[in-house]
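Here is what TrEMBL records for this protein:
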type	residues	note
ACT_SITE	His446	active site, proton acceptor
BINDING	Lys51, Gly116, Thr145, Gly146, Ser147, Asp314, Met320, Leu321, Ala322, His323	FAD binding site
BINDING	Gly182, Gly183, Gly184, Val185, Ile186, Gly187, Leu188, Glu189, Glu205, Gly273	NAD(+) binding site
DISULFID	Cys42-Cys47	disulfide bond
DOMAIN	4-329	domain 'FAD/NAD(P)-binding'
DOMAIN	348-457	domain 'Pyridine nucleotide-disulphide oxidoreductase dimerisation'
Amino acid sequence: MSTYDVAVIGSGPGGYVAAIRCAQLGMKTAIIEKYSTLGGTCLNVGCIPSKALLDSSHHYEHAVKHFSDHGIEIPGDVKINLEKMIARKQAVVDQTTGGVEFLMKKNKIDVFEGVGAFKDATHIDITKTDGSQETIEAKNSIIATGSKPSTLPFITIDKKRIITSTEALKLKEIPKHLVIIGGGVIGLELGQVYRRLGAEVSVVEYMDRIIPGMDKALSRELQKVLKKQGVKFYTSHKVTGVKSTAKQVTVTADDKKGNPVEFKGDYCLVSVGRRPYTDGLNAEAAGVKINERGQVEVNDHLQTNVSNIYAIGDVIKGAMLAHKAEEEGVFVAETLAGQKPHIDYNLIPGVVYTWPEVAAVGKTEEELKEAGVAYKSGQFPFRALGRARASADIDGFVKILADEKTDEVLGVHMIGARCADLIAEAVTAMEFRASSEDISRMSHAHPTFTEAIKEAALATTDNRALHV
Ligand SMILES: Cc1cc2nc3c(=O)[nH]c(=O)nc-3n(C[C@H](O)[C@H](O)[C@H](O)COP(=O)(O)OP(=O)(O)OC[C@H]3O[C@@H](n4cnc5c(N)ncnc54)[C@H](O)[C@@H]3O)c2cc1C
């Protein structure tokens, strides 16, 4: 029987990063993955493929709607080849998952393909697709089994007409009318992809606003911009049922006033969140506690109630984000090596990759109000920037929230072009506990979108933005 210092179960961004860091720190490491490709949800059916389709559909939209503004004329119609677009997405996925395989080899990590199930706290049975079994011994284990799409109790996902994000990433036709249940990140990103490709898109959301966890100002602006792009929104609507026939779906809901309404479409994307995944793990055999929400319970060291078993990523509490899972993977590896790592969960940024992009870090205005923190706020619109006008990306703004007395930046919320990348400046500033004045006194290259951050900081410091 092979023996390891660490066995990682699950090869998503949490698991494979944990494995690399363990190997870097000199531990003999194994990783177990039930699928034939590494990379987990993120690389196979999450972050990477969704961004590939967002980019492809963005190019198409530009060609159809905006090229002529730039003096670029295309003779004849611009056409979509969906099959090719999906194949390109798959090629990006294959390249990226292949990259993880390379990294495992480079770091001398043993990869086991099969379902990992605890036999006891130091032994894991691995069942391969052909049914054969192998058992390995591990001094320490890291559970990184991630999550799966969740649904509502009365909805049956048939994967044909009533689908999750996984199927939405490989449709064979452009929906005529895509009804999306849930106005969160995944629903909106995929909704925008198909809207750009010509589908009618209706978003039915239970809450009174989309992207409900983010600052209210971002929800409002994103809904406004997506509405302009033709997406229809039905907020404060409680879905009561979804039925499908061979070619049609019917979603029923109660509207704001409790009156029944009906949406007919050819596809229904259920994007109501994700649930932690521990099926087949046999956590009980090791004595690992799973809480009532299905999460593996961990303490501040990401250690389960069994001292040599840790858990990271989507399968534990906290934001279900790839970069959060990665940080936790590194954290556990370094803890096992006797180091004292730290993660500031307040500074894990959240991003929506629609266009305009939405990004945020730190506290929202609603959270500060609720906590009774005295704060000041400054905002700057992208439309006032030369760079935004040059590229015709004028929607959105940057908003900074800072402590009323100390001026320390407490939250940065932005919507606009390239915000997914711009947010890194805010994270850096907040990691070093910058004040809004610190940011406002840093030189920002001109012309760039980053100037909106400097201007918002000037507005926050003492209401002296220069270009409004
Ligand atoms: C459409 C979509 C878009 C997304 N976009 C983004 C984004 O842009 N940015 C972002 O930060 N996040 C995004 N996410 C979320 C992100 O994918 C997850 O937060 C991330 O993948 C979590 O990583 P993880 O390592 O915890 O688990 P996962 O990536 O879910 O990986 C878990 C792995 O464990 C394997 N596994 C499970 N049980 C076993 C077992 N018993 N034995 C062996 N293997 C097992 C699974 O097969 C899987 O490969 C997106 C998700 C979706 C669905």
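Think of each number as a place in line: the chain as shown, counted from 1.
For all residues, glycine too, the Cβ spot is worked out from N, Cα and C.
Fair warning: this is a prediction, and the values are worked out from it, not measured in the lab.
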Highest CB neighbour count within 10 A among the binding-site residues Leu188, Met320?
Leu188
Have a look at the binding-site residues Lys51, Gly184, Leu188, Glu205, Ala322 and say which one has the shortest Cα distance to His446 (active site, proton acceptor).
Lys51
Out of Ser147, Gly182, Leu188, Glu205, point to the one nearest Cys42 (disulfide bond) in space (Cα versus Cα); all of them are binding-site residues in the record.
Ser147
Entries of Gly182, Gly184, Leu188, Glu205, His446 (recorded positions) sitting next to ligand 1, with Cβ under 6 Å as the cut-off:
none
Calculate the per-residue pLDDT averaged over the domain 'FAD/NAD(P)-binding' (4-329) and state the result as an integer.
98
Out of these recorded positions, Cys42, Ala322, which one has the fewest other C-beta atoms within 10 Å of its own C-beta?
Ala322
How do the residues of the domain 'Pyridine nucleotide-disulphide oxidoreductase dimerisation' (348-457) split into helix, strand and coil according to DSSP?
41 helix, 33 strand, 36 coil
What whole-number Å value do you get for the CA-CA distance of Glu205 (NAD(+) binding site) and Met320 (FAD binding site)?
20
Of the recorded positions Cys47, Ile186, Leu188, which one sits closest to Thr145 (FAD binding site) when you measure Cα to Cα?
Cys47
Which residue, out of the binding-site residues Thr145, Ser147, shows the minimum number of other Cβ atoms inside 10 Å of its Cβ in this structure?
Ser147
Across all the protein chains here, work out how many other Cβ atoms are within 10 Å of the Cβ of Gly184 (NAD(+) binding site).
21
